[in-house]
Amino acid sequence: MEIIVPILTPFNEKGEIDGEKVKTHVENLLRKGVDIIFVNGTTGVGPALSKDEKRKMLDYVLDVTNKVIFQVGSLNMKEVLELVNYANEKDLIAVASYPPFYFSIPKDFIVKYFKEICKASKHPVYLYNYPGATGKDVDVNLAKEIDCIKGVKDTNPDFAHTIRYKELGIKTYNGLENLAIASLSILDGTVVGAGNYMPELFSQLREYIKAGDMRKALDLQLKIDEIDGTTIPYGKISSMYYLVKELQGYDVGVPRPPMYPLEENKAKELVEKVRKIWNKSE
Ligand code: ELE
């Protein structure tokens, strides 16, 4: 029943990563019950980071914990393998990657891509499947063909699709907030971007499930959904920076374009809306 948070990437006004803010954030997440930090995921704007920034993020998080999954995906294969080799020197749980995106490619290219990563990595290799973003669905059959995948994060509203990876006997997580209740109950855990600003709600959700109190778990899931849904028109990722400050009480810097910071009145409006839902009793 693991709670995994794809950590946001704190930037300063110049667009540089702020290492101290990363550490403060990781310490708080662990204190609030988060088990694993996923580095350079979608929420961490992984596809928008340079190779050097990806390495920096890994090192800042590793300064606090080795419970880390390191996402290495890129369209530049040389950089992918450099990041895998970099991870080989470190103590962490796994490296992960999304498939090569953007281009129309035959399935066997995807198989080759992951096999190359497996060959280079001394750590287990996890699949980050997010068809809605990458345009590629590495489903259970393709994962079987790759033959070296040891875990999967499936960001997919089709929960039946996620469950099927269990046929491979691998660690399986769904990556959507609104399926956290199902993912925690049936799979190995959940990967939730919203865990950046409301980790305690996901911890509480896990407690209700453990206690078999599914009625309370469902009510809490609906509260999580309401908060998560509120952020969509503001940009989910940009919203998180303001909500961490509001709900967790410390600064995680600002988002970096193309994740634009929110205008002051918008940020205020968002925070007020979320605060109202947050304060409602379950
Ligand atoms: C989620 C995505 C989903 C979390 C990551 C995650 O950030 O790496 O906007 O809800 O589709 O899978 O952030 O994003 P939405 O795993």
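For all residues, glycine too, the Cβ spot is worked out from N, Cα and C.
Among the features that TrEMBL reports, pyruvate binding site is placed at T43, V191. Other C-beta atoms found within 10 angstroms of the C-beta of V191 (pyruvate binding site) number 27, with every protein chain shown included. According to DSSP, V191 (pyruvate binding site) sits within a strand segment.
What TrEMBL records for Y128 is active site, proton donor/acceptor. Residue environment of Y128 (active site, proton donor/acceptor) contains 29 other Cβ atoms, counted within 10 Å of its Cβ in all protein chains.
DSSP classifies K153 (active site, schiff-base intermediate with substrate) as strand under the three-state reduction. Sequence annotations record features per position, and here TrEMBL assigns active site, schiff-base intermediate with substrate to K153.
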Listed recorded positions T43, K153, V191, filtered to Cα within 10 Å of Y128 (active site, proton donor/acceptor): K153
C-beta crowding around T43 (pyruvate binding site), within 10 angstroms: 23
Around the Cβ of K153 (active site, schiff-base intermediate with substrate), the count of other Cβ atoms that are within 10 Å: 29
Recorded positions whose CB lies under 6 angstroms from ligand 1, from T43, Y128, V191: T43, V191
